[in-house]
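Participant: Below, the features straight out of TrEMBL:
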- 257-387: domain 'GGDEF' (DOMAIN)
- 6-27: transmembrane segment (TRANSMEM)
- 39-59: transmembrane segment (TRANSMEM)
- 65-86: transmembrane segment (TRANSMEM)
- 98-118: transmembrane segment (TRANSMEM)
- 124-143: transmembrane segment (TRANSMEM)
- 150-172: transmembrane segment (TRANSMEM)
- 192-212: transmembrane segment (TRANSMEM)
Amino acid sequence: MMKLLDPFSVVLMAALMCAVMSMVLFGARRSFPAELRGIGHWSAAMLVQVVSVIGFALRGTLPDAVLLPVANVLFVIGNGLCMIGLQRFYGVASGWKMLGGAAGFALAGMLYFLLVYPDYAARVAWMALPMTVLNGTLLGLVWRHGRPKLATWFFGGLIALNTVLMAVRGVLALTHGAAVVDVTRPGAFQSVYLAATALQPALLALGFLMVANERLRLLLERRSASDPLTGVLNRRGFGEVYTREVARMARQRQRSRSLALLSVDLDFFKKINDHHGHAEGDRVLVNVAKMIESVLRESDVVARFGGEEFNVLLPETDLKRALAVAGRVQTLLREACTGDMPSCTASIGVSVQTDPAEGLQPLLGRADEALYQAKKNGRDRVETWQEAAWQVF
Ligand SMILES: Nc1nc2c(ncn2[C@@H]2O[C@H](COP(=O)(O)OP(=O)(O)OP(=O)(O)O)[C@@H](O)[C@H]2O)c(=O)[nH]1
């Protein structure tokens, strides 16, 4: 067993794996969207670990008084950078002070127990403290902010094991002395610790990458369902919500079930672009999307399929309420346009669905026809389409 795990080879293996992970993370940082933060810190952390591990491997070639403080402090900094990376990833304030404190604490202890009062077990116990605190902080972050997914369990499990191992090593150093924790001596705990030390940084980085990948999947899913300019849903996202709502409607027993759709189209939007420029036109679209959202209930959704037309889905809504919402959108738009926004009004077509089997296209078609009618009848008005006749409001 000990032949397989001679400390020198283990340490070199660890350095190699950290170097590979650093490159993988660096590549990920360049190719992942900028919203996924903290990956660069993990890449840097792995590089720092490489230098630290090489420092340990060089033991015997340089004086311990120089090598050990440097290698140990770098080890702490490497773990601290992982913490900062994860804090950035989860959008939490970065704990640079904590990292500085942990590194300073490690340096002071190392120097004291090497130069003033040389004691191997005391050094191990001392180092265990900042390492346990940093890893415990990582664990807390995953616990509070991680999504309950397999990647998170894997990542969190690794951090938990690492935290326990660090703490146990510190306690063993205090209670049993160097004989049990000195990795150059044979022993069960030393073998476990060595194997874990070799695998831990690279495995942790792998766990982080898995969590980042999961976040990337979510982000892309959300992007593919939303309009890049206004941030509201796009046609695809709208279709998904509609399908969900219509299924819910089908499950409802009462006869009065219905959902409504508003087709909101800005009037003479081309003029806004022509007079104020395309960028200002974009700003108007973003504001209008916000404004529409502000008059909706939580279950209502707004989408932009393109151009200057917005579609609003109002679940569990009858014609009367749909008209009231349309009226509120118009009022808000008129009020907002008196401020710093170019003057604009909207025509709105309203349609209602009561049969769950009908489908989105007929509903959109009717709202579109109503909208066309609103435009034809002079704009800045709301119209609805019903089977019997045109209703003008
Ligand atoms: N700024 C901006 N303009 C857009 C965008 N998409 C479409 N447009 C513009 O919206 C205008 C739509 O023009 P029209 O279809 O003639 O409609 P309108 O001028 O609003 O006239 P009516 O709808 O008939 O009242 C065009 O000038 C498009 O270039 C966009 O994303 N940003």
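Residue positions begin at 1 at the first shown residue.
A Cβ is built for glycine as well, from the same backbone N, Cα and C atoms used for every other residue.
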Participant: Do at least three CB pairs under 8 A connect the transmembrane segment (150-172) and the transmembrane segment (65-86), leaving out pairs fewer than 6 apart in sequence?
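Facilitator: Counting Cβ pairs under 8 Å, fewer than 3, so no.
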Participant: If we skip the immediate neighbours and take only residues 6+ beyond the ends of the transmembrane segment (124-143), which ones have a Cβ under 8 Å from one of its Cβ atoms?
Facilitator: 72, 75-76, 79-80, 82-83, 86-87, 90, 92, 95, 98-99, 102-103, 105-106, 109-110, 113, 152, 155-156, 159-160, 162-163, 166-167, 169-171, 173-174, 178, 181, 211
Participant: How does the model score the domain 'GGDEF' (257-387) in terms of mean pLDDT?
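Facilitator: Here the mean pLDDT over the domain 'GGDEF' (257-387) amounts to 91.
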Participant: Pull the DSSP breakdown for the domain 'GGDEF' (257-387) and write it out as helix, strand, coil residue counts.
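Facilitator: Output for the domain 'GGDEF' (257-387) reads 60 helix, 32 strand, 39 coil.
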Participant: Taking residues 6+ outside the transmembrane segment (6-27), which of them lie with a CB under 8 Å of any CB in it?
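Facilitator: Hits for the transmembrane segment (6-27): 39-40, 42-44, 46-47, 49-50, 53-54, 56-57, 183-184, 194-195, 197-199, 201-202, 205-206, 208-209.
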